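If you look up TrEMBL, you'll see 1-73 marked as domain 'MIT'. The region 'Disordered' annotation in TrEMBL covers 67-117. The feature compositional bias 'Basic and acidic residues' is assigned by TrEMBL to 67-79.
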Amino acid sequence: KAIDLASKAAQEDKAGNYEEAFRLYQHAVQYFLHVVKYEAQGDKAKQSIRTKCTEYLDRAEKLKEYLKKREKTAPKPVKESGPTDGKGNDSDGEGESEDPEKKKLQNQLQGNFEPFL
């Protein structure tokens with residue numbers, strides 16, 4: 001399942017569907033962490049999975065940054081109400097809601113792997 005999700009994420013990434021790729025990379029890492037914790041046999045296999053998780057997390061972080069920049073620079077519909085619209089940048093707070101998820105995954109990644117180093 002983790003490999004399927006990672007493959008699909010890479011396909012979506014190449015196709016330019018960055019939001020979907022970001023989501024799939026996160027899910028793939030979650031499944032890989034489960035495999036390392038409960039199913040992986042041997043240190044070599046665990047190290048290989050750790051390396052891939054790191055790559056996927058790095059790519060997901062880059063996609064997240066790109067999506068945030070694109071969101072800020074994308075033309076937004078402007079209401080006729082005028083000056084009060086300038087304070088409507090609440091989308092930044094929405095992007096922050098994914099940050100705790102990313103940190104959680106990174107902490108799990110580090111927490112699960114430190115004993116094996």
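Note that Cβ sites are derived from N, Cα and C of the backbone, with glycine treated the same way.
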Tally of residues which DSSP labels helix, strand or coil - the domain 'MIT' (1-73): 67 helix, 0 strand, 6 coil
Average pLDDT across the domain 'MIT' (1-73), rounded to a whole number: 88
